[in-house]
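As written in TrEMBL, here are the features:
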DOMAIN    9-221  domain 'Major facilitator superfamily (MFS) profile'
TRANSMEM  9-27  transmembrane segment
TRANSMEM  47-66  transmembrane segment
TRANSMEM  78-97  transmembrane segment
TRANSMEM  103-124  transmembrane segment
TRANSMEM  136-161  transmembrane segment
TRANSMEM  167-186  transmembrane segment
Amino acid sequence: MSNSNTQKTIWFSILLGTLSATGPLAIDLYLPALPQMTAQLHTTTSLAQLSITSCLIGLAIGQIIIGGISDHIGRKKPLIMGFFLFGIASILISFTSSITLLIALRFIQGICGASGQILARAVARDLFSGHKLTKFYAMLNSINGVFPIISPIIGGFMIHFVPWQGVFVLLGLIGFVLAGLIVVGLPETLPTEERATATFGIPLHQLVRYSKCPISSLGHS
């Protein structure tokens, strides 16, 4: 493998590993802020914890929907839109004073974050096959596995210096930065001629295919 191809593979593994970790990051980074948020919003612990559940549900549903959509329109557009809306939802959460609205926005945040989880692997399948794909998945999982470890540490550190809203401001910035990196640094990997024919709804076989992903992707959360 040439030096250029090696550098490109490393870049893709770092970018896609980060993209696939963003959904779980929205949960792990947020956990240390939960007690402070519960107190400041004058809500109950059970309602505050529901904001985690709603995000998890959004992640699971989003992977099924976005996976099918990407087979029809390509990988890049859903990724850009997903992370841009992830950024917007995160910023809106930082301004809310309603636990009900926060729970709803967390659901949207989960759906948008799912684009990275499902499409990072779809992009890898588009680019590689066989042994190269297996090797790339190993690199992807290594990078992805770092985030559940460092996210609560970063979140706990932040809470000592900024209010809980700061966590969501950071998540918003991450979403916008990643959307920009996708625009400039990730080519479309699913050629037009290989895309599924546009139909109303998502075929059953695609629902089955993508519904398998949330189980493995959310296992650590």
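Backbone N, Cα and C define each Cβ position, glycine as well.
At the 8 Å Cβ cutoff, the transmembrane segment (167-186) and the transmembrane segment (78-97) share at least 3 close pairs (sequence separation 6 or more) and count as touching. Taking the domain 'Major facilitator superfamily (MFS) profile' (9-221) as a whole, pLDDT averages 87 in the prediction.
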